[in-house]
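Visitor: Here it is: the structure, laid out below.
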Amino acid sequence: MLTPPRTVVRRDGGLYALERALQRRGFRQVAGADEAGRGACAGPLVAAAAILPPGRRGEVDGLADSKLLTPASRERVYAEVIARASAYAVVVIPAAEVDLRGLHVCNLAAMRRALASLATPPEYVLTDGFGVDGLDVPGLAVWKGDRVAACVAAASVLAKVTRDRIMVELDLEFPGYGFAEHKGYITAEHSAALRERGPCPEHRFSYVNVATVSGRQGAPPRARRPLVAEADEAMERAGVVKGTVGVALGERPWAGASVGNDVAMEGGMG
């Protein structure tokens, strides 16, 4: 990220204070980026970016960190974010790609791709927790950004709802693991199912708990192993697949999609 200008915001200023302070400094298009699924041992990693319009048009009733909302509240807020956002993008990285590239590399690449896919180019970027390099606009990594910046909270909800819907679909495809309940995170139920059934193709074989029960020393099934590991820079050169709004509606992303050919949806009020 480029070095951001100095901006002072009151800690108790509310969810929209940081964006409004930046907008007063002349940054009208402030994008937030966040992810869902970093800590899960099954299912995809999902990153999202969102720009909310300035003023009252960008205020989303009930918007908060997705982890603080009930599933019903998340669905309602998700629909309102989609309706109000000036631009939004969601990128889905399959478990196989997380195993191949590594979690942190995929996480940064996914957020970078989501930001680059916004129909409205951002003038300033806020990210949750850590910075994303390779951006040509100033930005700021905000600790618990999904609780202090509205655009980051909006991205958090987009990523979380998209991923949860995918996990419900995976539960139908791979019954017995409880994906619809725990969404691929480590729980007592999930751990018991792993021990009893072994991992399925949607598990992340690079994770210790999955590798331990797989009996394959962490190697994924042959059907999931790519013949050639392409160079990381290919992830950045390849274009984003456009128009796959179905991902947000619960449809499965295309099998085997990589970071370089990721599944994305785009939209916004324009």
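Cβ from N, Cα, C; glycine included.
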Visitor: Given that Swiss-Prot lists Asp34, Glu35 as binding divalent metal cation, which residue among Asp99, Asp128, Asp133 does it place in the same site?
Guide: Asp128
Visitor: For the domain 'RNase H type-2' (28-222), what is the mean per-residue pLDDT, to the nearest integer?
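Guide: A mean pLDDT of 90 is what the model gives the domain 'RNase H type-2' (28-222).
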Visitor: Could you tell me which of these binding-site residues, Asp34, Glu35, Asp128, has the greatest number of Cβ atoms within 10 Å of its own Cβ?
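Guide: The most densely surrounded of these binding-site residues is Asp34.
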